[in-house]
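Now, the feature entries from TrEMBL:
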- 41-297: domain 'Endonuclease/exonuclease/phosphatase' (DOMAIN)
- E118: active site (ACT_SITE)
- H173: active site (ACT_SITE)
- C217-C254: disulfide bond (DISULFID)
Amino acid sequence: MENDVCTAGLLCVYSTRGSVMFFALKLLLLTLSGGVALKICSFNVQSFGENKMSKPEVMDVIVQCIARCDITLIMEIKDGRGLAFPQLMTKLNSRYSSRRNEYEYVISDRLGRKAYKEQYAFIYRSRLVSVKDVYQYADSQSGDEDVFAREPFIVWFSSPKTEVKDFLIIPIHTVPEAAIREIDELVDVFEDAQRHWISENFTDPPTIIMGDFNAACGYVPKRQWKNIRLRSNSSFLWLTGDSIDTTVKQSTNCAYDRVVLHGEKMIQAVKSTSLEVFDFQTEYGLTEQQALAVSDHFPVGFTINTARRRGRRGSLQLVF
């Protein structure tokens, strides 16, 4: 019988003779190539809290989406009592963990202005990666305070089996009406993160900036891109192009969710052509209404190559 799910970092084993041979061949190929790639995903789960947690059919889809990835950024957590997210982790581990607590997480404080608050969280496979440190961006630059409604929660990951061993992820969920300014200011966040760990000799760290940028469909007109430093500075590589659609609704076609890379090591380590917008509606045979009960965004993912002993790979190309 086939395993419940084939996930990044796990092999699906079948009971038939031919499938066992396939397993052995795949295992040999993985051994020669150094192993499977590390899959990193970003998912705006839209108002995740106790109400969504109480819907089993919705949670099944969310959990399956997370289980496809080795690191998943979860955005728009609205869990005022702090009960829903631990329940999500329990459900994830009880269903997909091959050993106790395979999935772990780090989560930000509740962020936002006035009463409206959200959290960022990273769920990760602890057998593949670990969290070395975290810090919350202060958003207190003199004369430029409080740019972000939800300040980035920056995480330093260690990944011993990939080409890039240590890297930062800077998450962002912009306010749509302030998307231009917030995306531009991510350069300041990046520079702050570059300085933050100098005392630990972690200089010029390979960096991923990702999340719901709201970077399309009227919120960021084409004429404004030249004024956004994160886009105009050629040292930042946008893995996601402007033509992708990360929205669930058939009536929209918007590249809201983005991935941006910085640093030669990171750019070289990212697997060519690995960018994926995961259409869970089609994958799991849902109606649009059922899919929208999960989220109005599809997850976005990509992979980082494992360390290789020999051989070359295709170079990553900039896309717009």
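Placed from the backbone N, Cα and C atoms, the Cβ positions cover glycine too.
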What's the most sparsely packed of the disulfide-bonded residues C217, C254, counting other C-beta atoms within 10 A?
-> C217
Quick one: give me the count of other CB atoms within 10 A of the CB of H173 (active site).
-> 24
Which of the recorded positions E118, C217, C254 has its Cα closest in space to the Cα of H173 (active site)?
-> E118
For C217 (disulfide bond) and E118 (active site), determine the Cα separation and express it in whole Å.
-> 23
Non-local Cβ contacts of E118 (active site) (under 8 Å, 6 or more apart, same chain)?
-> M75, E76, I77, K78, R110, L111, G112, R150, H173
